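Trainee: Before I ask anything, here is the structure I am working with.
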Amino acid sequence: MRPAFAVGLVFAGCCSNVIFLELLARKHPGCGNIVTFAQFLFIAVEGFLFEADLGRKHPAIPIRYYAIMVTMFFTVSVVNNYALNLHIAMPLHMIFRSGSLIANMILGIIILKKRYSVFKYASIALVSVGIFICTFMSAKQVTSQSSSSENDGFQAFAWWFLGIGALTFALLMSARMGIFQETLYKQFGKHAKEALFYNHALPLPGFIFLASDIYDHAVLFNNSELYQVPVVGVVVPIMWFYLLMNVITQYVCIRGVFILTTECASLTVTLVVTLRKFVSLIFSILYFQNPFTWWHWLGTLLVFIGTLMYTEVWNTLGATKGQPQKEAKKS
């Protein structure tokens, strides 16, 4: 029952989180910092109350290791959200972040000296081609949709290119963090909930450097149109309502993934998260009417086929069908 409940949390939380993030970004494209700060603050407070037991519980993993992990996690979160300021459309943002397999494989080969099968290299090639197609077509859209002035067109493309650079950096940094986290778990054991708390609590002082931007957007949020919250009947500025819902759905999403990692194999977690991204992408395109050509669809299809090939999901499902029911449950 718990795995099914976790899958429900992942789809409900993560998919709705993308909706509220896009609602925020469409109204105020530069609001990434205040969104990140709100998410970190909420999860840190919840973790301080229920995981750290008001600071009385000592961490199983030494703080100095968390400090390194937190630096990477904070950087990835800020850069990913800031990329939305740089003419990066939400569908491209989601597709590009699905390329984490590429970054994981590259750094795994370089740092951990791993070697992979030809099948996995082929799957990564599909993901790479798919992301390239979507990125190339999005680049053409940015230049065609910008002002007819050649100067403005070049400026829009330059900012978009910087956004692609930011997403690439965040992708590689996230993969490096994953490798570092993997080595920590091997040494000290898995403490996912503890890591979730410290990854969100320790970076909070870093938001001091972003305080002016956060304050400016708080003022903008205060000046947004009023909205009456259903059921409760309270009237609040609509941007604050979107932010609150984004934070709550982000927490629901993370909790769902956390339960999955403790109840299911990593393959199952990867498959659920991949399918969730696909559903979020489809909804974003249809509901927000984001420009999406047949080339984009082809690139998206290649990305998700490559991801499923990498997880070897069909091989595992085939093997599971051939096992007795008791053994299938263990796997």
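Heads up, the Cβ atoms here are built off N, Cα and C, so glycines get one too.
Quick paste of what TrEMBL says about this protein:
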- 32-51: transmembrane segment (TRANSMEM)
- 63-83: transmembrane segment (TRANSMEM)
- 95-112: transmembrane segment (TRANSMEM)
- 119-138: transmembrane segment (TRANSMEM)
- 158-175: transmembrane segment (TRANSMEM)
- 196-215: transmembrane segment (TRANSMEM)
- 227-245: transmembrane segment (TRANSMEM)
- 257-288: transmembrane segment (TRANSMEM)
- 294-311: transmembrane segment (TRANSMEM)
Trainee: For the transmembrane segment (227-245), name the stretch out of 32-51, 95-112, 119-138, 196-215, 294-311 with the most CB-CB pairs under 8 Å.
Mentor: 32-51
Trainee: As a test: from 63-83, 119-138, 196-215, 294-311, pick the stretch that has the greatest number of Cβ pairs under 8 Å with the transmembrane segment (32-51).
Mentor: 196-215
Trainee: State, in range form, which of 95-112, 119-138, 196-215, 294-311 has the highest count of Cβ pairs under 8 Å to the transmembrane segment (63-83).
Mentor: 196-215
Trainee: Which range wins on Cβ pairs under 8 Å with the transmembrane segment (119-138): 95-112, 158-175, 196-215, 294-311?
Mentor: 294-311
Trainee: Among 95-112, 196-215, 294-311, which stretch has the highest count of C-beta pairs below 8 Å with the transmembrane segment (158-175)?
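Mentor: Checked against 95-112, 196-215, 294-311; highest Cβ contact count belongs to 95-112.
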